[in-house]
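Heads up: the structure comes next, in structure tokens.
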Amino acid sequence: MIKDIKVRQFSVLWFVELWERYAFYSFQALFMLFITASHISESQGYLIFGIFASLIYITPTIGGYLSDKYIGVKNALVIGAVFLLLGYIVLAISTDLSHVNWALSLIIVGNGLFKPAPTSLISKIFNDNPSQSHSAFTVYYMGVNIGGFLAIAFTPIIAKYTSYSYAFIICVIGMFLAISNYFWRAKLLKDVGSDTPSMTTKVKLLISLICLAQLLICYGLFQVTDISLYLIIILCILTFIYMLNDARNACDRKETILQVIGVILVIEAVIYFIVYSQMFSTLVLFAKHNVSLNLIGFDVSPATYASLDSFWLIVLSPLLAILYKKSVKHLSVPYKYSIGTVIAGIAPLSLYVVIKLTQVTGFVDGNWMFVYFFFGALAELLVAAIGFSMIAIYFRKEIVTLGMGFFMLAIALGGALSGKLGQLVAIPDGKIDPMVSLGIYQNYFLWLGIITIVLGILYGIVAKVVTTIANKHNISLG
């Protein structure tokens, strides 16, 4: 009976997250096409996307703190969902860049409150059974991937044959379904996270002011994109230095060594996230300019190809799990990061090879995108997918939550740098001869791939060094 109740409680959060991810990935896949079609240049679009991609991973640290300290997880989930809903509504009816910036700001603040909530509640549901918790999170992330796959596969098609406004209305519907599902079945969660702090008038006023301040800061950052990008980069670098310095506070040498290695791995992950962020920016515009828009015989949108990431994640996850079980030699996290980074570099390099072999008309067959996303998804499973579990192993218990926020900063920095790099392939006014733009992308993919692979190989040397140090002190690297 208890197990059945837990499954039903979990299903509430699973459907909430599925629909929220459906809305978010629909928006993210279309954003670069939308903003460069009617509002700004590609160069400016890359900058705005970079700032958005970074802020979306910075605010959950603030949201998680507010949730734990003041309003409780369930209240944070609802408030965040309402902000997200408002953001998508503003986006759907936007007529100029100012409206778009307000929409992005609402989505960033909403994501900050919403993002930590479902995983926190799931951990509370299964806190007395670690094995059930592991299974639940596996199914939970499957829901994330299903929502992402369906969103990116179908919503861009709606935009292609109707308008972006209608496509963003799908995002609104997705969030409405997420909120409705939560309230419809909220009674099932009444005993989950029941230690919710009291929402006094003073607390409500404080939260309102903090959310308003975040909203205004985000909007302001979108007004000064060049400065904002460097501010975000400086913030991330200072945090990296702080976390390295904090390792000295560990109670013994083993904990210090582990945390230093953990910080090194988080810094290494930035390179992967630079490549990852190309999926919703550079790759979308590359498809727009230089890919014959077809996929296994179907006409598609330039944004549809990003759904191949979720497709390969669903296919490769169980295969990789089987490989880990059958493997005689255990692969530690530092070596996984090295291999994952090399594979991430092979992804853009594969497009360079494809362009080299097929550059006759200026357009690449869309089915070749399967190859890029195969390598991209495999790299994701070796780097991003184990990021938070790595934090739990390498950082001492007192600062694990801070460590999670630290890892999100690596994602944020990757997004910011990706936006800056994207400017290298920005097409003036979005119009250029396909053969010329193909050459621009070809050089970009070549150097992005080579640099990433070289860094991945260097990470292998680092992995060897830290493994030697860890073995000397009898430390397990997971």
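In case you wondered, yes, glycine gets a Cβ from its N, Cα and C as well.
Pulled from TrEMBL:
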- 21-40: transmembrane segment (TRANSMEM)
- 73-93: transmembrane segment (TRANSMEM)
- 99-117: transmembrane segment (TRANSMEM)
- 138-158: transmembrane segment (TRANSMEM)
- 205-222: transmembrane segment (TRANSMEM)
- 228-245: transmembrane segment (TRANSMEM)
- 257-276: transmembrane segment (TRANSMEM)
- 303-323: transmembrane segment (TRANSMEM)
- 335-355: transmembrane segment (TRANSMEM)
- 370-395: transmembrane segment (TRANSMEM)
- 402-424: transmembrane segment (TRANSMEM)
- 444-466: transmembrane segment (TRANSMEM)
Residues of the parent chain within Cβ reach of the transmembrane segment (21-40), under 8 Å, 6 or more residues beyond its termini: 46, 48-49, 52, 84, 88, 91, 96-97, 100, 107, 111, 143-144, 147-148, 150-152, 155-156, 159, 164, 167-168, 170-175, 178, 280-281, 284-285, 288, 301-304, 306-307, 430
Within-chain partners of the transmembrane segment (138-158) [C-beta distance under 8 Å, separation at least 6 from its ends]: 10, 13-15, 17-26, 29-30, 33, 118-119, 122, 166-167, 170-171, 174, 300-304, 306-307, 309-311, 313-314
Positions on the same chain near the transmembrane segment (335-355), where near means CB under 8 A and six or more residues out: 265, 268-269, 271-272, 275-276, 278, 286, 290, 364, 368, 371-373, 375-376, 378-383, 386, 438, 441-442, 444-446, 448-457, 459-460, 462-463, 467
Interface present between the transmembrane segment (402-424) and the transmembrane segment (228-245) (three or more C-beta pairs under 8 A): yes
Stretch-level contact, the transmembrane segment (444-466) and the transmembrane segment (73-93), CB cutoff 8 A, at least 3 pairs: no
For the transmembrane segment (73-93): best-contacting stretch of 99-117, 303-323, 370-395, 402-424, by Cβ pairs under 8 Å: 99-117
Seg_contact(the transmembrane segment (303-323), the transmembrane segment (370-395)) with at least 3 CB pairs under 8 angstroms, min sep 6: yes
Maximum Cβ pairs under 8 Å to the transmembrane segment (370-395) - stretch from the list 99-117, 205-222, 257-276, 402-424: 257-276
Range from 99-117, 257-276, 402-424 with most C-beta pairs under 8 A to the transmembrane segment (205-222): 99-117
